[in-house]
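Below is one structure, written out as C-alpha cells, with a few remarks after it.
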Amino acid sequence: MLQRIYDWVDERLDITPLWRDVADHEVPEHVNPAYHFSAFVYCFGGLTFFTIVIQILSGMFLTMYYVPDINNAWDSVYYLQNQVAYGVIVRGMHHWGASVTIVMVFLHTLRVFFTGAYKKPRELNWIVGVLLFFVILGLGFTGYLLPWDMKALFATKVGLQIAASFPFIGDWIKLLLQGSDIVGAQTLARFFAIHVFFLPAALMGLLAAHFLMIRRQGISGPL
Amino acid sequence: MSKKEHDVSRRQFLNYTLMGVGGFMAAGIMSPLVRFAVDPLLKGKEGAKMVPVMDVKDITNEPQNKKFTVKKVDGWHKFDEQQIAYIFKKKNGDILALSPICTHLGCTVAWNDDPSHPNQFHCPCHGGRYTKTGINIPGTPPPAPLGVYKTQVKDGKLYLGEVISRGGS
C-alpha cells in the first residue's frame, strides 16, 4: 500500500532523487561505531540535532497552554503541569531536554575540536557551529524566564546584570533585552517572542547551513 | 515449503529493524505530546453547581428577571459570570426558569416589552418572539424554544443549575 502511494507520487513528481541526495552518503569506516566503538563520539552532532527536534516538538505543544503574561504565566504553567494529562512529562521533556541539548552541543564541540575537524576547508562550518552554540545559549536564557517563578525572575536579573557589564553599551543592551526599567511585563513578552520566534528561526537557518556544508565537504578524515 | 519463501534479505531485515526502532522512538516522543494536546477532549465535563437565586414564596405567575452569579473555572482562569433567568410559576404550579439567550443568534430577550405583542418574550435584534413558556412563535426568526435552567427547591429557596437546551443550536 505504502509502496503504491509512493510509486504514484514518484511517477508524477520524481521524488526519488530528492531523498537519495539526502539519504545516500558515504559513512567512512573511522566514524562507524560498528567498526571502532570509540567512533561513537561522531554521533554527538546527530544526537544534538535529535534533542533539538525534541525541544521544538515539546515547545510547540507547551504553547498550547502557556500564556506569556505576568498575571497568567505562572498559573498557566501550574495548570498544564498539574491538571493536564502528561503535563509533567511534556514540560519535563522541555526542561531536561534544554540541559541535555547544551551538554550535547558541548560534547559535539569537543569532538570537533580534538579531531581537528574545524581546520581548512571547514572553518566556515566551525563559525556557523559557534553561532549555533550562542543561539542555543540564548534559547536557554530566554526560556528560563518563562515559568515566571522566583528562580526565573532572579536568574534573569542576574543574567541581565551580566549583560549590563558589557563595556560602553552594556546598559543599552540590558534595556533592549529588558524592554523596561524592571524585569516585568514587557520583559516577559519580549523573552517569549525571542524564545519562540526569533531564535528558533535563526536556529533553523543556521542548522540548514551547518548540514549543507557538512554534506558538501564530507566528514573529515581519520586522525 | 521451500526455503526461498522464508528468505529475508539483509537489506529488508535492516529496513524493518530500523523502521521498527525509529517508529518506536517516534511513538515514545509523540504519544505524551498528543495526549497532552487532546486533553480538553478527554476531560470529563463538570456539571454547573446549583446556585440559590430567590425565595420560592416570591415566585409569581409573572416572569421575573433575576440576575445571579455563577463561579466559573476555565483552565487557570477562575471568574464570576453573571447570568439572567426569567422565573415564574406555570399554571400547574411548576416553577420554570428560562434562559433569556435567544436561540436565533444569541441576543438577550426581554419579557413583555413589545406593546404590539403583550405577554411574550421579545428579542430586540431581529424581532424574534416566544410564548410565556419560551416556545418560539412560528414566523419569527428563532429556530427553537428558549433554554431552561435546571431547578431545585431546597429550604424555601430556588436553586438554578445549568441551562438545558430544548433543541436548536
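Every residue number used here counts from 1 along the chain in the order it is shown.
Any Cβ shown, glycine's included, is placed from N, Cα and C.
A TrEMBL annotation is a machine prediction, not a hand-curated record.
The domain 'Cytochrome b/b6 N-terminal region profile' annotation in TrEMBL covers A:5-223. According to TrEMBL, the transmembrane segment annotation covers A:39-67, A:96-114, A:126-146, A:189-213.
The list of residues near the transmembrane segment (A:189-213) in space but at least 6 beyond its ends in sequence, with Cβ under 8 angstroms from a Cβ of it, reads 49, 52, 56, 59, 63, 68-69, 122, 124-125, 128-129, 131-132, 135-136, 138-139, 142-143, 145-146, 156, 177-179.
Looking only at the domain 'Cytochrome b/b6 N-terminal region profile' (A:5-223), the predicted model's pLDDT averages out at 95.
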